[in-house]
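Residues or ranges marked as motif 'RCR-1' in Swiss-Prot: 25-28. Residues annotated as divalent metal cation binding site in Swiss-Prot: Glu59, His67, His69, Asp111. Residues or ranges marked as motif 'RCR-3' in Swiss-Prot: 107-110. Summarising the annotation, Swiss-Prot assigns region 'Oligomerization' to 181-193 and lists similarity to another entry as the type of evidence.
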Amino acid sequence: MSTVGSSSEGRHSVRCFRHRNANTFLTYSKCPLEPEFIGEHLFRLTREYEPAYILVVRETHTDGTWHCHALLQCIKPCTTRDERYFDIDRYHGNIQSAKSTDKVREYILKDPKDKWEKGTYIPRKKSFVPPGKEPAEKKPTKDEVMREIMTHATSREEYLSLVQSSLPYDWATKLNYFEYSASRLFPDIAEPYTNPHPTTEYDLHCNETIEDWLKPNIYQVSPQAYKLLEPSCLSLEQAIADLEWLDDTTRMLQEKEREASTSAAQHGQVKHPGLEASDDTTTGKTISTGLHMMKKLSTMSLTTFPSSSVRAGNDSSAAKKTT
């Protein structure tokens, strides 16, 4: 029973093993065979799978014994269910799939004592090209396709048309994104503005003379400028006081002029033909004096106004005379 059981277990282990890969990594431990002998044997063994490259390297263990590594690359995947398929004489080969052929080849060649090589090595992610055939044309990536479209498209319509013909699936599922990118690459050109009301003659300009209103109302002199123009003014405070006095005097004369004009209009005074305004008339004096002073204040130089010190002396002498 045990024999039958053991034989059944052995058959079960053989049935469970399966190797199917185009790149095979083999290790023969404690194997003194020559690399060339192993390589030629593997080439004949896998002829039906069209071997493209075989590399066999012999190394020494730390105890001085030999062991061999082999990298086998075939055009067709090498398929077997026999775990002793790659055995050579009495030396059993450890079978592994070489998922990264670059790393396997680098590992095999780390410290070779003897090496045998046949065929053309196929780097990772590159298909094998048999001798006499040209490599297949590389298919451009989506990034390369879009870069080509953006470089050559000249309008929004042409851009969307090229995307539709080059990337139909992406155009059908992501059309809103392509429409947005088209609007950014080819924005609408703003039309030049046209005034609905064409320009006409200068009929809306103000005909008032601003200068006549500006001088009596917004005539301003800074204390610094007044101090420079008036030699008798020795300080900034004195200049401010003089300017305030001038402002008060001007306003007082303007008010008297308005009162005199209103009084004359209310009494209905009529000028006699040929008679000029006389200094004997009280109203005439006031109007004449007011107009004269206003013109004088608005046209005379600032240097004609007395400084505060002189004005104070005049005010005191006038008070004594009045007393």
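Even glycines carry a Cβ here, placed using N, Cα and C.
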* Please work out which residue of His67, His69 has the most C-beta neighbours within 10 angstroms of its C-beta, and give that one of the binding-site residues. => His69
* Positions whose Cβ lies under 8 angstroms from the motif 'RCR-1' (25-28), at least six residues beyond its ends -> 38, 42, 67-72, 86, 88, 91-98, 104
* **Number of other Cβ atoms within 10 Å of the Cβ of Asp111 (divalent metal cation binding site) across all protein chains** => 8
* **Summary of DSSP states over the motif 'RCR-1' (25-28), given as helix, strand and coil counts** => 0 helix, 4 strand, 0 coil
* Asked: What is the pLDDT of the motif 'RCR-1' (25-28) when averaged and given as a whole number?
  -> 92
* Would you list, in sequence order, the residues of this chain other than Glu59, His67, His69, Asp111 that have their CB within 8 A of the centroid of the site's CB atoms, where the site is the one recorded for divalent metal cation? => Val57, Arg58, Thr60, Cys68, Ile108, Lys110, Pro112, Lys113
* Structure fact -> For the region 'Oligomerization' (181-193), the DSSP residue counts stand at 5 helix, 0 strand, 8 coil
* By DSSP, what is the split of the motif 'RCR-3' (107-110) into helix, strand and coil residues? -> 2 helix, 0 strand, 2 coil
